[in-house]
Amino acid sequence: MEGNFQISETTNLLRKIKEFTRSIVEDLAEGKSPEIAINRFRNYCNDPEADCFCSSDEPKGREILTLRKRSQTYRIDMLLRVLLIVQQLLQENRHGSKRDIYYMHPSAFKAQSVVDRAIADICILFQCSRYNLNVVSPWKYCVCWKWVGTSDSDYSASIRRHVLVLRSTLCCRLVMGWLKFREAGRKFDCLSSLNTAFPVPVLVEEVEDIVSLAEYILVVEKETVFQRLANDMFCKTNRCIVVTGRGYPDVSTRRFLRLLMEKLQLPVHCLVDCDPYGFEILATYRFGSMQMAYDIESLRAPEMKWLGAFPSDSEIYGVPQQCLLPLTEEDKKRTEAMLLRCYLKREMPQWRLELETMLKRGVKFEIEALSVHSLSFLSEVYIPSKIRSEGSFH
């Protein structure tokens, strides 16, 4: 039934593309300039005092593209080029990345941002998500690994060993813990080896048969922290699922997280560096990105809680002065800009206070700075204590 639904959805999208291109051809044949109306969306504004509805999925304006404006001719041309490629992907039931599309006409596109904008315009025009177009995240190689030991007694700093296995996968985002599922017929059984990293699926719409015994989901900013938790067998002693987007989260990671939240109804905590970039990652998971505000409902995690690291944690957990780094001028500008976002005052005033504290103190620190106490402090003390005390900010 699900497969038939996807086929019907694709058929409907191909019909819309055909009607759209036909209308453009007819306008040109009659000597008229086509007019393409593209709605504009935003998930926040930079007026903390505004009585706005930025987080809604309603359009916040409209832009009309026409050949009568010279500056828009190139944009229409690129939109149609990308649309032709998308149509081919759908007709042949194949997938391609934004990077694949760029390299099909690099001299015409000139920059990846041109392709990105065209794909966003197409999604808005046809009221669909990027995955409906068969456009996926870039394919990469990732290193997956797991701890090897003959018994629990082998787990000590002196005899810990790792096996690095180079896998060709469709992504570099990782998941581990109390979870198993299927994606396009492939089995992902994290339950069979709780401290082994598995790739986050790219074809999230084809994920099914999700089974979990977890009590919560933990999202971590960095792969190094993910590795630390795997090394410490965090998931063996804590019934959870751990996910990392390895920095700024891509669409697949955000959609996979949203799917897990909807299917499992588990609380979600996020652990990021105590710096402006870490907060930006947190905000992207919870509120979505401005670039993809048109698809905000399928990409954000509205119930996500901020587990840390907070500016106040440096005092609470005794982070030494030498582990604190001064905020750069760029850090300060970025933080000041984030403080203006309407959702911080409207929905998350406590988050705003933490940002103000960081700016006032003028310092930042990485999650790994907590390892100054012990290598396993993060997994044995910091995270469990935060979870138990519900110390994360909603």
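Note: Cβ is positioned from N, Cα and C throughout, glycine not excepted.
Taken verbatim from TrEMBL:
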DOMAIN    75-135  domain 'Spo11/DNA topoisomerase VI subunit A N-terminal'
ACT_SITE  Tyr103  active site, O-(5'-phospho-DNA)-tyrosine intermediate
DOMAIN    216-387  domain 'Topoisomerase 6 subunit A/Spo11 TOPRIM'
Review point. What is the number of other Cβ atoms found within 10 Å of the Cβ of Tyr103 (active site, O-(5'-phospho-DNA)-tyrosine intermediate)?
Key: 12
Review point. By DSSP, how many residues in the domain 'Spo11/DNA topoisomerase VI subunit A N-terminal' (75-135) are helix, how many strand, and how many coil?
Key: 47 helix, 3 strand, 11 coil
Study note, to complete from the structure: In this predicted model, the domain 'Spo11/DNA topoisomerase VI subunit A N-terminal' (75-135) has a mean pLDDT of 89
